[in-house]
């Protein structure tokens, strides 16, 4: 019995040893399989039920199975729904850009037309009324402290500038200029045309400052201390500027005329291709809403100026062919090509700028409302500028040189002889006045609708943007020179965050940190904040930002942005 028990115990121990050894072997095989990277992915590896281990099924690695998998595999777009929805909205935005852009361009075109017709129609009548007031002043007596109202003084100055510049333009020979430019090579003319475009923008920028300085110098209250060089030097500078700018536009129109009359049209093709170079210089820059507003104003001004240049070219060519209407159809294809290329470039440029900078197409409605606000505010009793001057500042369109050139071309092309000709001129002038009045009425009604839709009625009673911005700039300048005493230094906690917001600031600091402006819904409508600033701002009233206390300047409003304001357009 004892032998049988001992033999049974020995067999059980041997079985336990064998089981342990099998378990150790299984663990070793699993470790080796993990080291070799044998895993079950894409059904390329299979498990064998045998105790010897897992082996790879070579029949599953065939080329036919790989091709079958590539042909039958699927994916689900709804797993990234937000991304594809955003891409679809971008496509819809690009499709909406031509419609919204042309709405803005059409409205801006009629604004420029209204300011342009004002020089020919209402400005001469206003100058005559101001001169009659000066003549009849000794008879009527001095009713006020001013001989003329400030607006009348500005009108008289504009009239004198136009008369003097026209007399100077009469000595410029257009035919000699045409043949001088025609004798140049194609490459020279291409370079000249590009230089003229750049010079036109520089002249417009500096010229509006010259005219504004003249108007303010002539109408500035006499009680103030004199801080200028006098009215006559400013007037001479304004006359010189208008004359030089008119000569510049004349050379530009003559170059375009040479391109129209060239035999192979190569110069015209090169000049039109120059518009597409503008896409390269604009599309790949970072644009915010204010930058895009500037570019839109520039495009409106450029398109209107091109229309006037094309009109001058057609007048000169029709004069050379004795006003034969058949020649007009010869010029028609080239005119259409110039206009079509300009529209195509603007659409492509704005479509890709809005796409790359994530700007909605609704922003053009805001721009339209901002331009409409200028028109409505110029009709208020407390208006601080003439409407034509506000268009000049906002779009960079100065009508005086362009109107002067058109008058020079028309008077040299059309000969007025006899009473019938004078009657035709009078009827044409009455027709222009009618067009100006109708255009102004329609524009004013449309602008009121745009302002009402944008909820900007409250801003009409606010102080002028120029006064507010100047006060804000002066206050910001004073805050730069403001130094706190050691006893007034803001305390900081352990985390390094300033606790100055807990203590009420002194009265002078509160006045200089932010200007007090009336709040309305339109402020948020037309204000364009930066995303980086929104992330940094902790307290907008105190300017608390991180571990330091900074005085914040007010946001740029679209109503304070003119054509020549630098808005931080930069290349990233």
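The backbone N, Cα and C atoms fix where each Cβ goes, glycine too.
Automatic prediction, not curation, is the source of TrEMBL annotations.
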Transmembrane segment according to TrEMBL, located in which of 104-121, 122-139, 140-157: 104-121
Transmembrane segment according to TrEMBL, located in which of 426-451, 452-477, 478-503, 504-529: 426-451
Candidate ranges 209-234, 235-260, 261-286 [criterion: TrEMBL lists as transmembrane segment]: 235-260
Segment assigned the feature region 'Disordered' in TrEMBL (from 1-55, 331-385): 1-55
Given ranges 397-414, 541-558, the stretch to which TrEMBL attaches the annotation transmembrane segment: 397-414
Cβ contacts under 8 Å made by the transmembrane segment (397-414) with residues that lie 6+ beyond its boundaries: 112, 115-116, 118-120, 158, 161-162, 165-166, 169-170, 172, 174, 204, 207-208, 211, 242, 245-246, 248-250, 253, 300-301, 304-305, 308, 311-312, 315-316, 318-319, 388, 391
Contacting positions for the transmembrane segment (160-181) when only residues 6+ beyond its ends and CB under 8 Å are counted: 119, 189, 192, 235, 238-239, 242-243, 246-247, 250-251, 254-255, 257-258, 316, 400, 403-405, 407-409, 412
Same-chain residues near the transmembrane segment (426-451), Cβ under 8 Å, at least 6 residues beyond its ends: 107, 110-111, 113-114, 117-118, 120-122, 368-369, 371-373, 375-376, 379, 457, 460
